[in-house]
Amino acid sequence: MDEQLKQSALDFHEFPVPGKIQVSPTKPLATQRDLALAYSPGVAAPCLEIEKDPLAAYKYTARGNLVAVISNGTAVLGLGNIGALAGKPVMEGKGVLFKKFAGIDVFDIEVDELDPDKFINVVAALEPTFGGINLEDIKAPECFYIEQKLRERMNIPVFHDDQHGTAIISTAAILNGLRVVEKNISDVRMVVSGAGAAAIACMNLLVALGMQKHNIVVCDSKGVIYKGREPNMAETKAAYAVDDSGKRTLDEVIDGADIFLGCSGPKVLTQEMVKKMARAPMILALANPEPEILPPLAKEVRPDAIICTGRSDYPNQVNNVLCFPFIFRGALDVGATAINEEMKLAAVRAIAELAHAEQSEVVASAYGDQDLSFGPEYIIPKPFDPRLIVKIAPAVAKAAMDSGVATRPIADFDAYIDKLTEFVYKTNLFMKPIFSQARKDPKRVVLPEGEEARVLHATQELITLGLAKPILIGRPSVIEMRIQKLGLQIKAGVDFEIVNNESDPRFKEYWSEYYQIMKRRGITQEQAQRAMIGNHTAIGAIMVQRGEADAMICGTIGDYHEHFSVVKAVFGYRDGVHTAGAMNALLLPSGNTFIADTYVNEDPTPEQLAEIAVMAAETVRRFGIEPKVALLSHSNFGSSNSLSASKMRETLERVRERAPDLMIDGEMHGDAALVESIRNDRMPDSPLKGAANILVMPNMEAARISYNLLRVSSSEGVTVGPVLMGVSKPVHVLTPIASVRRIVNMVALAVVEAQTTPL
């Protein structure tokens, strides 16, 4: 490790506070009553319930989402036996990964005990605390004995990740690699370098999936493991000892091998050995940080080889984070008493299948220009693929149920998958009523920036989720090329329609219609013709206006107001409305907050604000939320007579005329809007109850400042929008920072609006 990296790592662990984890309360402790409920005397109630029924611990405590990462520090990474305390940073790091990828809480426990039986007693005594045990960095062969005995004694999952995590990912890689090279697992020969925990676990899984034991040759530090090589050979090694053929070295047995599995050390495999392997060999060189052979060296002599390593700087990284958080997620969610072979195999298959799926936009963004289509350079998913939890956890949970180790079976797997999706997309629960309605009658939605990678990823999502019938504007050759490069599985003419912006035969009709709309706005016929080639938003707008599309989502490129000016000119306002407005939703840990008008009107009049407030309430109801509107100002219920304050008071009067049943009040300060007790101190009889969820600002400046401050102040907050209100057709203008998920969300909203919009 170079000095710069070393110092950066030390600083990372020291500042701003030492370590990487902390305990945060999940219940409020703001009042004396809170304290009485959390501790004495109230805490006695759940204690007595658990005494009557031990399973009640999962209902009243955090046990069901709590895993112990336990180590004695005898085999820490590549550092060896450095002791329990020195291994603590690794155990904390494991805890961070559990939390980050699967929402699982972790206590890291470092046990200063080398005697296996004493270590077992310590861990077994902790069973009442945890929902699962993750054994970490314990040397072989003791790790096999420790895990076996703990599995026998404990009634919660016990999982030695160094064995089974590596085995699960490696096995998934081998299954997919064999599929690429069209070989059968029952026919291939495999040579293994290393006979430690990971290697043995890999072989066990592969045999369970059909690999023949007689086709496996294992080499350890003494050479080939064969029957009779030594007395009292460890059982784990003896299980894979072959008949004595006279061959003693890796170099001798590698000839003709289809697979090399390396769980040993650096530079064990040479180029000369690789040359002797079978057609299209698979090489899993998993030693870290330096593998058994570097991929460029192997490729130099065997360009047909498929290579996996444990490193992130080469394709096909075998990384345990691909599985352990999600295996535990599935096991915990059904109250599994063990992680058995059926659950491991379910994880293998789920991981292997995910590599065949279309690429996630998160992965594409994280890995830049890499080709992430299934093939020799991509046979296992990337660690940052957000879909891992949605694919692996349900598969593991179902396997636990089917194999009889689940104590709390899942009754509704669709609801369970929806819940898991919240780990991937924080907007999932918020958007659920919109998605459900959109699926009932998907509409044609035109996406003018059809060549954009985000739009293409969104199109894939829309098709997968069954939310819409996308129409993309762009050059067909460019769209097809980018779909292939992004590893997507959508097909033009099957999943979506393309409107070629350079040569669509309808363009004469389009520009003629556009000219009729714009001719009194300074647009000539020639300019209208050019708009049909260069202004994709204009093309999409005319398609919606002609009934060739039902809705439009634009704005992922360019300036908001340029897009909006086209939308406003083509569509105008809906009946009974004389203005438009934009609203953004902020999904914060404290609740959902909607802010208007964030984009359209710089200094709206009371009449405009009243229309915006009423339209905002209508939109919020679509999400299944009761609107509670606060009109914000520097003035608090008449404390100022400034023009701004007077404007908001007049707005309130106009809203009450338009929507007398709407829960609304103002003008008020922001804290009064969000905290009922503060509001009641000033206005005890306010009709607004609880925290306001729609904040109507006096002008765009205040709205935009508030929105951006709230957006960046919460690391857990996510946004939806901007939602365009008041236009006669279901159209929304996004901004260039819109994510793929935001595009998907807004398309779904536009579909729901189109379902109720007259043609």
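Even glycines carry a Cβ here, placed using N, Cα and C.
Quick look at what Swiss-Prot annotates:
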ACT_SITE  TYR39  active site, proton donor
ACT_SITE  LYS94  active site, proton acceptor
BINDING   GLU136, ASP137, ASP162  divalent metal cation binding site
BINDING   ALA195, GLY196, ALA197, ALA198, ASN288, ASN320  NADP(+) binding site
REGION    429-759  region 'Phosphate acetyltransferase'
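Shown here: features listed in Swiss-Prot, placed on the structure.
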| residue | record | Cβ contacts under 8 Å, 6 or more apart |
| --- | --- | --- |
| TYR39 | active site, proton donor | none |
| LYS94 | active site, proton acceptor | VAL69, VAL106, ASP108, ASN134, GLU136, ASP161 |
| ASP137 | divalent metal cation binding site | SER71, GLY73, THR74, ALA75, VAL76, LEU77, GLY87, VAL90, MET91, ASP162 |
| ALA195 | NADP(+) binding site | VAL218, CYS219, ASP220, ILE225, THR236, LYS237, TYR240 |
| GLY196 | NADP(+) binding site | ALA140, CYS263 |
| ALA197 | NADP(+) binding site | ALA140, CYS143, PHE144, HIS160, ASP162, GLN163 |
| ASN288 | NADP(+) binding site | LEU77, GLY78, GLY310, ARG311 |
| ASN320 | NADP(+) binding site | ASP161, ASP162, GLY165, THR166, ILE169 |
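Counted within 10 Å of its Cβ, the other Cβ atoms near ALA198 (NADP(+) binding site) come to 26, all protein chains included. The average pLDDT computed for the region 'Phosphate acetyltransferase' (429-759) is 91. Within 10 Å of the C-beta of GLU136 (divalent metal cation binding site) we count 28 further C-beta atoms, all protein chains included.
Listed in chain order, the extra residues whose Cβ falls within 8 Å of the Cβ center of the divalent metal cation site residues GLU136, ASP137, ASP162 are SER71, ALA75, VAL76, VAL90, LEU135, ILE138, CYS143, HIS160, ASP161.
In the structure as shown, the Cβ atom of ASP162 (divalent metal cation binding site) sits within 10 Å of 22 other Cβ atoms. In the three-state DSSP classification, ASN288 (NADP(+) binding site) falls within coil.
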